[in-house]
Amino acid sequence: MERNMTEGKISRQIVVFSIPIILGNIFQQLYNTTDAIIVGRLIGKDAFAAVSVANPIMSVVLFFLVGLTMGVGVLLSQQYGAGQRDKFRVQFSTGLIGGIVFTLAVAAVCIPLSGLMLRAAQTPGEILESARQYLQIVFGGMIFSFLYNYYASALRSIGDSRTAFLYLVLSSVLNIVLDIALITGTTLGVAAAALATVLSQAVSFVLCVFYVRKRVPMLRLGKGQWIFEKRILKDTVVFSWAAALQQTVLYFGRLLIQGTVNVHGTDMITGYNAAIRIESFIMAFIDGTSAALAIFAGQNVGAGQWKRLKQGLYRTFLMNAVYVLITGVAMFVFAGGMISLFVDESSPEILRVGITYLRVMAGCYLFCSLLSAMQGFFRGVGLVKITMIATMLQMGVRCLLALILVPRLEIWGVCISVIAGWLAVCMFNGTNCVKYFRQLAKKQGEFQTVKH
C-alpha cells in the first residue's frame, strides 16, 4: 500500500510508517539471535564463538549492499514525492540490474577469501574452520539478501513499510524451524545454521516479488521494461556509494573492535557477542525510526515541503529518547538473565563480560538514538556526505580508543570506545543540523510551527 508522507499529521505519518520497519528489524534480530541461541545450546560455545566471529565480517559485506539499496530507496522516494513516475521506473530497473551484477561479483571474490579474512581478524585456531564454512555459505546466498533488501527499500520509498515486514516475519519463523531441523537432523554443525539463514532470505525475496507482480504496478518489470541507462546508473552510484560506504565503515569498525576482543580468548568473544545480540534489539528500534525519517524527509524534499522537515526530526528525537530510556532500565536490571539465554550459567567469565557490557551501556543509548535520527534525516535530504563523515568520525574514535584501551581494560575498554564514538558524532551532527536549518530558514523564511 502506497503512503504519501507529504501531507497529513507528521507524528502519525512517522509512527505508522516506522512501526513495520521497527518490527521488521526486531524480527531480523530475533532470527539472528535465535540462530545464535540454537547454535550455542545445541552445538556448543565454540560453535557460538565461530558464528560470532564470522558475523562482523559477513556484516561488512552484506551491509555494503544494504547501503546501496538504502541509497536507491532515498532516490526513489524523492522521485515519488515529486511525481516523476517514469523516472522512478527507470531508476528502479537500472538499480536492480546493476545491483545484481555487482552482488554476484562481490560473492565470487569473498567466497575464496573467507579464510584469509578470518585470519586477519585474529580468529582463534580452534574455531577458524567452522567460521570459514559459515561465511562461505552466507556469501554464496548473498544475492537473496540483496534482492530482498532492494525490493524492501523500493516498497518503503512509496510508503509501504508493511509488506516487507510481513514477509520477513514468515521468513523468521521458517529460519527457526530450519535451524532446529538442520542442526538436529544433520551433521552439518555450524554450516546448518548458515544454510537455514540463506534459505530464509530466499523465501523473503520470492514473496516480495510475488506481491509486487500482483499489487504494485510501479515496481512490476515486464517484457521490455528492464531498462538500463548508464546515466541513471552513474547518478545512482554517486548517491548510493556514500550510503554503502557508510554502512561498510560502520561494520568494518565493529570488525576491528571484534579483533581486539578475539585476542582475549573464547570466553570474552562469547560474552561480548552475547551482549551485543541483546543490544541489537535496542538498535532495531533506533535504526527503524532512522529509516522511516529518511523516507519521510526524502518525499517531503521531493515535494518541496520544507516546513515539515524540522518537526519530523524533532518527533523522531522524542520517540527514540523515550524508548531507549525505558529499555536501558530493563537492560540494567535483567542483564544476567539476558546473557544466560545464550550460555550455560556455569560459565562465570562469559557471564561477567556480558553483564558488564550491558550495564555500562544501558545509560548511554540516548546518544546513539540522537545521532541515528540525524543520520536518517541527512540521508533523506540528500546530504550523504555528512553521514559519511559522521560514520568515519565515529569509527575512527571508536577504533583508536579500542586499540589503546581493550588490551588494558578488556570489556570496559570496549564500552568506553563505543560511547566516545557516539558522543563525537552527536556533536558533529548537531552542529550540522543547526547549520542546515539556519541556511534553510534564510531561503524559505522563518519556520512556522506545524500543527499536529
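Just so you know, glycine gets a Cβ as well, placed from its N, Cα and C.
Remember, predicted model here, so these are calculated numbers, not experimental data.
According to TrEMBL, the protein carries these features:
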TRANSMEM  12-31  transmembrane segment
TRANSMEM  51-76  transmembrane segment
TRANSMEM  96-121  transmembrane segment
TRANSMEM  133-152  transmembrane segment
TRANSMEM  164-184  transmembrane segment
TRANSMEM  190-212  transmembrane segment
TRANSMEM  232-254  transmembrane segment
TRANSMEM  274-296  transmembrane segment
TRANSMEM  317-343  transmembrane segment
TRANSMEM  355-374  transmembrane segment
TRANSMEM  386-405  transmembrane segment
TRANSMEM  411-434  transmembrane segment
Dominant neighbour of the transmembrane segment (317-343) in 12-31, 51-76, 274-296, by Cβ pairs under 8 Å: 274-296
Stretch with greatest number of CB pairs under 8 Å, the transmembrane segment (274-296) reference, 12-31, 51-76, 96-121, 190-212, 386-405 candidates: 12-31
Interface present between the transmembrane segment (51-76) and the transmembrane segment (164-184) (three or more C-beta pairs under 8 A): no
Beyond the flanks of the transmembrane segment (386-405) by 6 or more, those residues with Cβ under 8 Å of it: 242-243, 245-246, 249-250, 252-253, 256-257, 260, 371, 374-375, 378-379, 412-414, 416-418, 420-422, 424-425, 428-429, 432
Intrachain neighbours beyond the transmembrane segment (190-212), with Cβ under 8 angstroms and 6 or more residues off its ends: 31, 35, 38-39, 43, 47, 50-51, 130-131, 133-135, 137-138, 140-141, 144-145, 147-148, 151-152, 155, 163-164, 167-168, 170-172, 174-175, 178-179, 182-183, 219-220
